[in-house]
Amino acid sequence: MTNTRKTHPLIKIINHSFVDLPTPSNISAWWNFGSLLGLCLVIQILTGLFLAMHYTSDTMTAFSSVTHICRDVNYGWLIRYMHANGASMFFICLFLHVGRGLYYGSYIYFETWNIGIILLFAVMATAFMGYVLPWGQMSFWGATVITNLLSAIPYIGTTLVEWIWGGFSVDKATLTRFFAFHFILPFIITALVVIHLLFLHETGSNNPSGLISNSDKIPFHPYYTIKDILGVLLLILTLMTLVLFSPDLLGDPDNYTPANPLNTPPHIKPEWYFLFAYAILRSIPNKLGGVLALIFSILILMIFPLLHLSKQRSMMFRPLSQCVFWILVADLFTLTWIGGQPVEHPFIIIGQLASILYFIIILLILPAVSMIENKLLKW
């Protein structure tokens, strides 16, 4: 008698994706982040669902409904802070996942890669709209500043912004629609994740060496299910340490002040995971130029397969490219730091230099270094 897991129409799909999936025998802990992102998504959807049961998306009651969740709902504080800090863990895993893809040349699977970038945009949009919902000062002014960027679009900009706002400023209509979109987007993300996995399983996983590993595959279960559990435990440990010991570490104190359209906070800044893009946006004095730089700072990931000029896929055996890669990482840390600083000397010039360096490394230095390495290896 054949095994149900191999014959049942539904269970068969799960079996081929998570149990009998042929996996390279040498993938490192850097390949854990896919499953960790899946876990983050599940945590966010579940905590978000319970928060939505108590939250009201009205300008008069939104702030007090979040207060009510934290004070009066059973374990409401836990659910709220797990959701807020879960977003931070989500982005940490996302950045590491993308970084792994860049380092080991996973972008060669360009369908999987491009869907991954669409996923990144979708998660960023969801996080932005979620940040508006508590209706604190930074929620309100963050929404005002970021949506206002669309007014830089020639001809239709102003109309577009008012259409998104549902009025002449960020108000009740804006909050209600942001809540609706914030609720629906995670399910769209889940559908995209399925497509992401579908494309990945067409080709199989990459591995640290960047070489074809068809001759040496092992089943996903039990080897990588056990290996992933370590990552899961570390993720939950980090998240719960953050939630239980310093839940407001990554938040902004201004968001504990209810939204007031008449009082602008001294420093408007987004959550930490958007600071690198915010620094790039601010480094260009022109509004439209800044918006374009902001979009291209993420979209540039899509052209990585075209910029790959090396004869080797992975950076594992390319020390020069490794150096450039880690300079890029340091540059992103610099941009993140600058994004949280006020717009004054010397932060302005540091931000501008870091922004220019970001684009130069990706568009010029990495491809050039790849060519040099090819020459050194007489390829």
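Placed from the backbone N, Cα and C atoms, the Cβ positions cover glycine too.
As recorded in Swiss-Prot, the features of this protein are as follows:
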- 33-53: transmembrane segment (TRANSMEM)
- 77-98: transmembrane segment (TRANSMEM)
- His83, His182: heme b b562 binding site (BINDING)
- His97, His196: heme b b566 binding site (BINDING)
- 113-133: transmembrane segment (TRANSMEM)
- 178-198: transmembrane segment (TRANSMEM)
- His201: ubiquinone binding site (BINDING)
- 226-246: transmembrane segment (TRANSMEM)
- 288-308: transmembrane segment (TRANSMEM)
- 320-340: transmembrane segment (TRANSMEM)
- 347-367: transmembrane segment (TRANSMEM)
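Structure with Swiss-Prot features highlighted.
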residue	record	DSSP class
His83	heme b b562 binding site	helix
His97	heme b b566 binding site	helix
His182	heme b b562 binding site	helix
His196	heme b b566 binding site	helix
His201	ubiquinone binding site	helix
With pairs restricted to those 6 or more apart in sequence, evaluate whether the transmembrane segment (178-198) and the transmembrane segment (33-53) have 3+ C-beta pairs under 8 Å.
yes
Output, ordered by sequence, the same-chain residues six or more apart from His196 (heme b b566 binding site) with a CB under 8 Å from its CB, or 'none'.
Thr112, Ile115, Gly116, Leu119
Before we move on, state whether the transmembrane segment (33-53) and the transmembrane segment (226-246) share at least 3 Cβ pairs under 8 Å, counting only pairs 6 or more apart in sequence.
yes
Out of His83, His97, His182, His201, which of the binding-site residues has the smallest number of neighbouring Cβ atoms within 10 Å?
His201
Do at least three CB pairs under 8 A connect the transmembrane segment (288-308) and the transmembrane segment (113-133), leaving out pairs fewer than 6 apart in sequence?
yes
In angstrom units, rounded to an integer, how far apart are the Cα atoms of His83 (heme b b562 binding site) and His97 (heme b b566 binding site)?
20
Cα separation, His97 (heme b b566 binding site) to His182 (heme b b562 binding site) (Å, whole number):
23
Do any residues, 6 or more residues outside the transmembrane segment (347-367), come within under 8 Å Cβ-to-Cβ of it, and if so which ones?
279-280, 282-284, 293, 296-297, 300, 304, 307-309, 321, 324-325, 327-328, 331-332, 334-335, 338-339, 341
